[in-house]
Amino acid sequence: MAFRKPPDGGWGWVIVVVSFFTQFLCYGSPLAVGVLYLEWLDAFGEGKGKTAWVGSLANGIGLLASPVCSICVSSFGARPVAIFSGFMVAGGLMMSSFAPNIYFLYVSYGIVVGLGCGLLYTATVTITCQYFDKRRGLALGLISTGSSVGLFIYAALQRELIELYGLDGCLLIVGALSLNILACGSLMRPLESSSSPPPEKTCVDKVPDQYFVYHEKEKTVEENISILEKGYIDEKCVNNMPDCKQDSILSKNVLSSININEKDTYKKKVVEQTNFCKQLAKRKWQLYLTYWKETMVLFKNKVFSALFVAILLFDIGGFPPSLLMEDVARSADISEDDYYMPLISIIGIMTTVGKLVLGILADFKWVNTLYLYVTTLLMTGVALFAIPFAKSYLTLAMLSGILGFLTGNWSIFPYVTTKTVGIEKLTHAYGILMFFAGLGNSLGPPIVGWFYDWTQEYNTAFYFSGFCVLLGGFLLLLAALPCWNACTNQSSKLPPNTYSYKVASNA
């Protein structure tokens with residue numbers, strides 16, 4: 001399929017708007033799952049660690065399955081994947097309203113909704129990149145704020161719906177709202193080249209069907225010949241009865257010679273196809289070996305290895321507050337009358353601000369994005385250490401705002417990855433890092449919940465979270481020191497005959 005040059009405008013701005021609302025609708029409930037988390041604790045009476053798996057799966061499974069999501073979008077296109085995923089998200093939310101136990105929620109909310117969100121994220125990013133080149137950064141920044149705005153609005157919306165209609169009614173209404181993703185997906189018109197002429201048919205394709213012996217591919221050579229022989233004899237018998245017997249003998253002699261030639265041709269084709277399959281399998285195997293060699297080359301880069309550890313530890317320690325902050329406030333015996341705004345809503349709106357501010361800072365030439373990212377990690381660790389000392393709504397709200405702002409460092413993470421490995425290796429490196437980010441998202445909240453189940457308080461849990469984030473930040477800072485620059489610049493080059501990333505970087 002041929003694509004036109006990205007127009008950097010026109011229908012592309014419609015794509016930006018529908019992608020923004022797609023991320024708003026699909027990520028609103030999973031990111032604001034902390035409100036539902038409290039209700040599930042009361043409804044099923046399970047431990048905090050076991051219940052936290054629902055929200056962690058919903059947010060982590062999409063990142064874990066990012067390679068599968070990319071293959072689906074590449075194979076079927078952004079529009080069909082977005083429409084199909086809209087049914088997944090809406091269906092998963094509606095099924096969750098009928099959940100008889102926490103294990104049902106693992107599948108309906110954690111896996112179905114989470115996988116649908118991952119597919120939608122990949123579809124929106126892919127279609128936006130196709131429509132934008134010069135303004136791609138701006139377009140991606142605008143659509144990425146959709147999830148943060150969704151977190152801000154859905155936190156208050158789900159709480160209000162629970163008070164009015166209960167937990168089951170809330171999930172049904174939120175699932176119905178998610179059906180609007182279908183309308184957004186239908187507007188994701190692929191950027192096809194309408195003016196390009198259709199490919200010319202080969203000489204074989206131009207031959208009419210009646211001249212082919214293999215007109216029905218399902219039949220063997222012998223079956224086709226027998227059908228042709230029967231039809232030829234029947235026709236001659238009807239038209240000229242006296243010559244029927246003589247023509248029958250003649251036709252058998254002619255068709256027997258055709259049979260021999262066709263069998264030889266058939267055997268030759270089988271040999272050619274067998275050799276082709278062997279060469280294709282050998283080439284695929286070489287590509288897999290090259291992929292693993294490139295992966296080993298990446299991990300020889302000290303900064304990339306430290307970045308891999310840092311993103312894993314950051315998501316283990318930094319993601320739980322967005323899920324558990326409401327329960328932290330309830331555990332601190334803060335009255336609901338003191339609530340001016342849900343803490344999760346504060347995290348959501350400040351994440352939006354953080355993405356924009358940190359993204360603008362990263363564009364300045366005098367700002368080292370790697371050190372800026374390390375600074376956000378260290379500040380996040382300090383803020384997590386301060387949560388056990390917060391005993392009022394005001395202090396928890398301030399810490400929620402700080403954590404939300406620092407979580408906006410997701411907007412500069414692609415810059416950091418590019419600076420670390422280079423643009424040619426970005427696709428490979430970013431896929432690996434996102435997989436481990438999803439692993440951290442999936443493990444973080446249950447670990448914090450298990451700490452509470454063991455100690456019956458959140459202090460130890462957030463000390464552990466803060467330690468994880470600080471450890472990742474210090475390791476990345478140590479690897480990024482100037483004394484390692486010589487080693488980084490002399491890192492091994494890609495193996496020969498490698499071309500996959502040049503294609504990916506131009507997408």
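Just so it is clear, glycine is given a Cβ too, placed from its N, Cα and C backbone atoms.
Feature list (source: TrEMBL):
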TRANSMEM  12-40  transmembrane segment
TRANSMEM  52-73  transmembrane segment
TRANSMEM  80-98  transmembrane segment
TRANSMEM  104-125  transmembrane segment
TRANSMEM  137-157  transmembrane segment
TRANSMEM  169-188  transmembrane segment
TRANSMEM  303-319  transmembrane segment
TRANSMEM  339-358  transmembrane segment
TRANSMEM  370-390  transmembrane segment
TRANSMEM  396-417  transmembrane segment
TRANSMEM  429-452  transmembrane segment
TRANSMEM  464-484  transmembrane segment
> Apart from its near flanks, which chain residues at least 6 from the ends of the transmembrane segment (104-125) lie with a Cβ under 8 angstroms of it?
Replying inline: 19, 22-23, 26-27, 29-30, 40, 53-63, 65-66, 69-70, 72-73, 78-79, 81-82, 84-86, 88-89, 91-93, 95-96, 140, 143, 181, 185, 188
> Taking residues 6+ outside the transmembrane segment (12-40), which of them lie with a CB under 8 Å of any CB in it?
Replying inline: 6, 46, 51-52, 54-55, 58-59, 82, 85-86, 89, 93, 102, 105, 113-114, 116-117, 120-121, 123-125, 127-128, 131-132, 139, 142-147, 149-151, 153-155, 157-159, 162, 167, 170-171, 174, 177-178, 180-181, 184-185, 187-189, 322-327, 330, 342, 344-345, 348
>> Short question: most Cβ pairs under 8 Å with the transmembrane segment (137-157), which of 169-188, 339-358, 396-417?
In response: 339-358
>> Please report, as numbers and ranges, the same-chain residues at least 6 past the borders of the transmembrane segment (429-452) whose CB is under 8 Å from any CB of it.
In response: 47-53, 55-57, 59-67, 70, 295, 298, 304, 307-308, 311-320, 323-324, 413-414, 417, 420-421, 458, 460-462, 464-465
>> What residues elsewhere in the chain lie close to the transmembrane segment (169-188), defined as a C-beta under 8 angstroms and at least 6 residues from its ends?
In response: 14-15, 18-19, 21-22, 25-26, 28-29, 36, 78-79, 82-83, 85-87, 89-94, 96-97, 120, 123, 127, 154, 157-158, 161-162
>> How about long-range neighbours of the transmembrane segment (80-98): same chain, 6 or more residues beyond its ends, C-beta under 8 Å?
In response: 22, 25-26, 29, 72-73, 104-105, 108-109, 112-113, 115-117, 119-120, 122-124, 167-172, 174-176, 178-179, 181-182, 184-186, 188
